[in-house]
Amino acid sequence: MLDFFAIFSKGGIVLWCFQGAGVTESFGGPVNALIRSVILQERSGNNSFTHNALSLKYKLDNEFELVFVVGFQKILTLTYVDKFIDDVQLHFRDRYKNELEQRGALKFLLNNFEFGDDFHILLREAEGSSKAKAPVSMRTFNESQKSQKTVKSMIETKDGDKSKEQVGKKSKNAKKEGEKSGGDQAKAAAQTASKKAVETGNGGLTQEEIIERNRAKFFSKQLGGAKPEKSSKSPKPQKPKGKMNRVWDMGGKRIAELDYSGTNGDNSSDAQNQDPDATAEPLIQVDSMKGDLRGVDYESSDDDDDEDEEVQEEDRVVVANTNKKGGKKGGFGGMFGMLKGLVGSKNLTQEDMEPVLDKMRDHLIAKNVAAEIASQLCNSVAKKLEGKVMGTFTTVASTVKQALQDSLVQILQPKRRVDILRDVLEARSQRKPFVITFCGVNGVGKSTNLAKISYWLIENGFTVLIAACDTFRAGAVEQLRTHQRRLNSLHPPEKHGGQPTVQLFEKGYGKDAAGIAMEAIAFARNQGFDVVLIDTAGRMQDNAPLMTALAKLIAVNTPDLVLFVGEALVGNEAVDQLVKFNQALADHSKTDKPRLIDGIVLTKFDTIDDKVGAAISMTYITGQPIVFVGTGQTYSDLRSLNARAVVSALMKA
């Protein structure tokens, strides 16, 4: 039933393994894929992983830094696997606890872990328990209770119900008669009591009640004579008698001092301070962007440190409160209990981390991280820390926060380095253009950021051809033509041997986008352009015809880089967009290995302050890096992603 079972350390040393009968393929490939795609990428929120035809289940032992992995065929439904892997972990830990406490790769290599007999015993027990819980066969009609009922019993049941109803009616009538008789007796008793009270003249009160009443009257008279002083009340604010005159900031100055028309009329003073070369500059002033792009920076604030201290203080209070039960015996019990909770002698459990993870989850969602992604991140951190021994004088909140920060940085750092300048130089050496395709939903800034990337490439000495493949939106070609004209004014052809640095390839509206892109790539190859930037029409992820056209464009032209352009303002929508874009590209592709999204361009990053959660959501879904970040309206407002700066902004209160 099982293809393999492996126990290895997080350092990569296999301690023990099992391979099923008839299985010839090595389990190294699936396990390595699990390590690369899940464990190293901090995606261990779900304990299952699929690789080709195999389904893998894994469990992390953070105390001894071990990983338990079981693999079986994907078509099988094995209900006992989760409990079986837990049992194997507990037995392996108990049997080799002394050997596992000796950390180090050399110690693991010297020890011999003979676990085959125990493994087979546990496997037989797990398989037997699953067979014992087979579905129970259905009872026959003769064995059921319904077969015992007869027509006579059903008729008697009806009569019995009627008799019950009659008995119920009789009891109700009896209750009503009793209530009437009881009410008459109560009324008679009340009348006799009132008569006696009138006769005595004291309203039926006892002697003690009369004394208490007279005493209360006496005290009320005494207190009523001394009136409270009015000075104890707060004085009412007096209303102003009339409207106060407004005092202006410029008040008291003469009109002559506020008249600047004489100095601005002839521009005599300003002309002396002006730079004589300023008039020679073009109307468009853009910063230089030679070399690699700068990263997005965030200034660290003191408020974040203050909040960390508050969280730690709150966590110390929680630890102290949990230890109060055992500290009632002595005066120092609370202090020693708190120190015991702080000193690193405690293994973290799910219950310890649950309140902190709930706060972290809400914080991530408030920072624009998709709710599903926030839950998966917190589950991954919980599995990473469960059973781990805390450091000396560290709290649960600080430990969980540090683990979450490390996970976020690991997610944002790309699995592969995307160096476009190096790739363009390599394509130039092969005498072919480097092709980049931009796709995304409507209104996210594809054309604007395409122009920014064009300016960055021109600054680094490359020639660019823009392919206007948005033949759907009115004004799309004219927008790109305007960008081309402005970019050529920043880099005049005279400075580049009479050749324009950027050109526009367009065929108008209503044409096939895939055909225009193919002609543009052929034109760029013949004319010696270094880069081709393909602008596509914006489309919603649910628009099947447009998604089919995009998949056709990518499949026919096979660009070197497919960039998804998404805005940083979205939250849960980012997940839906990227999942459906990738799914559409895979569904409409005719090859076994479809071309999916290679990278992300995150736009409108300057409008979100510290709500940078969309970067986490997009990267977590695709597993692809954020290549460019748009931070403004000018051509130089283009940055690369600084993972640590984004994470610090994300964790800031």
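Just so you know, glycine gets a Cβ as well, placed from its N, Cα and C.
According to TrEMBL, the protein carries these features:
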- 139-151: compositional bias 'Polar residues' (COMPBIAS)
- 155-182: compositional bias 'Basic and acidic residues' (COMPBIAS)
- 183-195: compositional bias 'Low complexity' (COMPBIAS)
- 261-276: compositional bias 'Polar residues' (COMPBIAS)
- 299-313: compositional bias 'Acidic residues' (COMPBIAS)
- 625-638: domain 'SRP54-type proteins GTP-binding' (DOMAIN)
- 133-209: region 'Disordered' (REGION)
- 221-324: region 'Disordered' (REGION)
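The domain 'SRP54-type proteins GTP-binding' (625-638) scores a mean pLDDT of 90 in the predicted structure.
When Cβ-Cβ distances below 8 Å are used as the criterion, the compositional bias 'Polar residues' (139-151) is approached by no residue of the same chain that is at least six residues removed from its ends. Away from its own ends, the domain 'SRP54-type proteins GTP-binding' (625-638) comes close to residues 286-289, 293, 296, 412-416, 418, 420, 445, 448-449, 451-453, 455-456, 487, 490, 563, 599-606, 615, 618-619 of its chain (Cβ-Cβ under 8 Å, at least six residues beyond either end). Secondary structure by DSSP for the domain 'SRP54-type proteins GTP-binding' (625-638): 0 helix, 6 strand, 8 coil. Summarised by DSSP class, the composition of the compositional bias 'Polar residues' (139-151) is 5 helix, 0 strand, 8 coil.
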